[in-house]
Amino acid sequence: MRKSIVAIVGRPNVGKSTIFNRLVGERISIVEDIPGVTRDRIYAEAEWLNTPFNIIDTGGIELGDEPLLVQMREQAEVAIHESDVIIFMVNGREGITAADEEVAKLLYKSNKPIVLAVNKIDNPNMKEQIYEFYSLGFGEPFPISGTHSLGLGDLLDDVVKHFPNREQEDKDEDTIYFSLIGRPNVGKSSLVNALLNEERVIVSNIAGTTRDAIDTPFKSGDQDFVIIDTAGMRKRGKIYEKTEKYSILRALKAIERSDVVLTLIDAEEGIIEQDKKIAGYAHEAGKAVIIVVNKWDTINQHDKAIKEFEEQIRAHFLFLDYAPIVFLSAQTRKRIHTLIPQVITASENHVKRIETNILNDVIMDALAVNPAPSKHGKKLKVLYATQVSVKPPTFVVFVNDPELMHFSYVRFLENKIREAFGFEGTPIKIFPRKRN
Ligand code: GDP
Ligand code: GDP
């Protein structure tokens, strides 16, 4: 089920990013080896009452040199477009300002639920300061303090009440949902068009689960697919759509709804830092990943060309060692037909389940080859393992003491599991858990 999205909107300095960080807490995870991925986050997962949701700090979307008013307008538009519920934040110490009224005007026109948060109410004596905010017309103002973490529970209680009922939106389990991500001009729209042409089966453009996303369903053989639209594919030309953070935001939303993510690289331009950052998001989300090297027609096709490019990719994308690499040209359509079979394989592996007894045969063989390590004279004992979930395949390994299960040993077990069962195209997760 798609997670609901909450956006925080308000003029600068009311405390949006402070609250964002509070709500996200320690959930911001770190992707190994990818500098910059988690810096300046404006989109992250949070949770309240066992309901996970995604949250956007619109204040983090910068629009170059645009005047403040334009920036605020664009940020509010992003919130209106992208979210299910908007937290409109004001500063309780300063009262209503002209800028607050500007933001309010834009929000009146949206038909999204809006929850008014009055921040910087650092102690209960200050609560009277919230009453003037009733005049903004968004109902009851919620007093909060980002600095002291006050009032956030009441605020979130109200926010989650407004989440849409997603039961009818559930995806069809037999359909493979995929998206194409990559920096601007890497060839995402060209490849979508080439794919659809190849398959000769554009069914129709149907409105997706989010109002402005266009999902394209098609069939190849007996398999149903849906391509999820990503940033850069529909160029509406708004200022905010040209900003990097906004396109990342759209990519993240598409990734979220995908089973398989095709991460594109431009053969002509080579690999740049931004490619790694974008691919990192797909990995981090636990999706199946295929690396697609597009514009292969521009490369001198000598014998070793593919091998050399592959080595470069492996060196740059250490965290994606499970992802197959496909070389193709959206323009000449060369090798386009090799892509869909890879998408199917990756998707199958993403939902593959291994029976516990077969899994444990492999684990026991692995232990015999490379006995569990010890630390400070204490020896790791691996008792048994079991697969607890799919999308991505996730394993729990029961051990005497999880502290003794070093990262390198997890990695070793992962390699053994991959050797035995494949899992090409999908990340797998392994968690040690204590059992005496
Ligand atoms: P943003 O521009 O809306 O994202 O605002 P920031 O989160 O950067 O906060 C602006 C300033 O307000 C910072 O100096 C924060 O430390 C301060 N601030 C944020 N929340 C509170 C609060 O609850 N009480 C007080 N007194 N200051 C706060
Ligand atoms: P997007 O921004 O990622 O959607 O990229 P586009 O699909 O708009 O493509 C950007 C540019 O790259 C366009 O000028 C395309 O014609 C060109 N292009 C796309 N695929 C290929 C390819 O396989 N080979 C070559 N030579 N050019 C391509």
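Cβ from N, Cα, C; glycine included.
Cβ neighbours within 10 Å of Thr58 (GTP 1 binding site), excluding its own Cβ and spanning all shown chains: 29. In the three-state DSSP assignment, the secondary structure recorded for Thr58 (GTP 1 binding site) is helix. Among the features that TrEMBL reports, GTP 1 binding site is placed at 10-17, 57-61, 119-122.
Look at TrEMBL and you will find 182-189, 229-233, 294-297 tagged as GTP 2 binding site. Asn185 (GTP 2 binding site): 12 other CB atoms within 10 A of its CB, across all protein chains.
Here TrEMBL flags 4-167 (among others) as domain 'EngA-type G'.
Here TrEMBL flags 176-351 (among others) as domain 'EngA-type G'.
Here the binding-site residues are Ile61, Ile121, and the one with the most other Cβ atoms within 10 Å of its Cβ is Ile121. A Cβ distance below 6 Å to any atom of ligand 2 is met, among the binding-site residues Asn13, Lys16, Thr58, Lys188, by Lys188. Thr230 (GTP 2 binding site) sits 18 Å from Ile61 (GTP 1 binding site), taking the CA atoms of both as reference points. Among the binding-site residues Asn13, Lys16, Thr58, Ile61, Asn185, Thr230, the ones whose Cβ sits under 6 Å from an atom of ligand 1 are, in sequence order, Asn13, Lys16. Checked against Asn185 (GTP 2 binding site), the binding-site residues Asn13, Thr58, Ile61, Ile121 differ in C-alpha distance, with Ile61 being the nearest.
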